[in-house]
Amino acid sequence: MGAGGRMSVPPADKKAKSDVVQRVPHAKPPFTLGEIKKAIPPHCFKRSIPRSFSYVVYDLIIASLFYYVATNYIHQLPQPLSYLAWTLYGICQGCILTGVWVLAHECGHHAFSDYQWLDDTVGLILHSFLLVPYFSWKYSHRRHHSNTGSLERDEVFVPKVKSGVSWTAKYMNNPPGRVIILIIQLTLGWPLYLMFNVSGRPYDRFACHFDPNSPIYSDRERAQIFISDAGILAVTYMLYRMSVAKGLAWVLYVYGGPLLVVNGFLVLITFLQHTHPALPHYDSSEWDWLRGALATVDRDYGILNTIFHNITDTHVAHHLFSTMPHYHAMEATKAIKPILGKYYQLDETLVFKAMFREVKECIYVEPDEGEENKGVFWYNNKL
């Protein structure tokens, strides 16, 4: 990790390679949230309805063009080429729809407009189309932002302590095992999280995003979980009717393939934002909101940064100011870097390489032996 918290790692440079595991500061920072906010131009916090909708319209136009080309021309190709074309369509359409997912995510943070009802309406429609229970996710995700980096209260990708690691981990900590872990995580991780709270915060009873009585939610939130479920049921029924009219294979090609890509990117983005050998986690004796919010890392996805509306490379700023519109996040990130110093983290390692490295290095967390700060936990892989 060099100056300013950059963690780009040239493979041939041994010194730089060692820097990737150089830990970020875990002491209470010498600045406040208010001081960080003062460094950001005030206009970055202003939400614009026309500008926010322009991104929705743009993404939906691109998605519609992909749909038109796929449904009108792919079937005309000879069979080997048609399979390749459907795969390419699924990847490209999935990337665009991941951008749509991000815009609904903006709505969940009240970063789309100044009107909560408008944000919730747009978010409900967009997320339901992608089979995401909008209000259910909104409330659990809000708790994630309120408790980031906390071993007891965070809601997503909560690392295990060594004693909680499954006996199978030692047999999976090898290249074939890591491939299997990543395949399962990227294909099934999102639905397993929604349905069974896999990788989420442990509760004293069954937790499910589709259950209004789930312990994830407070009493005042439960009615809106029904609305989320209604949105999912409506889209599921629409897909059923399309399957009857056009065939299940058509629905899987046109909708299922892109959705698989969306779900995979969603898990990968979240995983890499919160999992890194240099990032600390805290128990209740050490955790505070600011240090938890800073225990995340920006990543570089190349051209996908733009397609994903920069949720990938402005995540630190997003965790500090989640109601800031995504179209101001790049400017805000540049403004806060001098204030954050080494507390700001950017890793420009190729994403494909980074995901294998993190699965290898980040199996569980534990405090350092002999350290005074026993409430600060670091990733380890020694089984």
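Using N, Cα and C of the backbone, Cβ positions are placed for all residues, glycine too.
Beyond the domain 'Fatty acid desaturase N-terminal' (25-62), the same-chain residues lying 6 or more positions past its ends with a Cβ under 8 Å from any Cβ of the stretch are 96-97, 99-100, 103, 106, 111-115, 118, 122, 126, 280, 282, 286, 288, 290-291, 294, 309, 320-321, 323-329, 331-332, 335-336, 338-340, 342-343, 373, 376. Under the heading domain 'Fatty acid desaturase N-terminal', TrEMBL lists 25-62.
The transmembrane segment annotation in TrEMBL covers 55-74 (among others).
Beyond its flanks by at least six residues, the transmembrane segment (81-103) meets 52, 55-56, 59-60, 62-63, 66-67, 69-70, 74-75, 112, 122, 126-127, 129-130, 132, 253, 257-262, 264-266, 304, 307-309, 311, 326 of its own chain at Cβ-Cβ distances under 8 Å. Sequence annotations record features per position, and here TrEMBL assigns transmembrane segment to 81-103 (among others).
Residues or ranges marked as domain 'Fatty acid desaturase' by TrEMBL: 81-345.
Same-chain residues lying 6+ beyond the ends of the transmembrane segment (115-137) with a Cβ under 8 Å from its Cβ atoms: 49, 56, 97, 100-101, 103-108, 194, 209-210, 216-217, 221, 224-225, 227-229, 231-232, 234-236, 259, 262. Look at TrEMBL and you will find 115-137 (among others) tagged as transmembrane segment.
For 179-196 (among others), the entry in TrEMBL reads transmembrane segment.
Counting residues 6+ beyond its ends, the transmembrane segment (223-240) has Cβ neighbours under 8 Å at 124-125, 127-129, 131-137, 139, 209-212, 214, 217, 251, 255 in the same chain. What TrEMBL records for 223-240 (among others) is transmembrane segment.
Residues or ranges marked as transmembrane segment by TrEMBL: 252-272 (among others).
For the transmembrane segment (252-272), the list of distant contacts is 67, 70-71, 86-87, 89-91, 93-95, 97-98, 101, 130-131, 156-157, 185-187, 189-191, 239, 242, 297, 299, 308, 311-312, 351, 354-355, 358: same-chain residues at least six beyond its ends, Cβ to Cβ under 8 Å.
Remark: secondary structure over the domain 'Fatty acid desaturase N-terminal' (25-62) totals 24 helix, 0 strand, 14 coil, with classes taken from DSSP.
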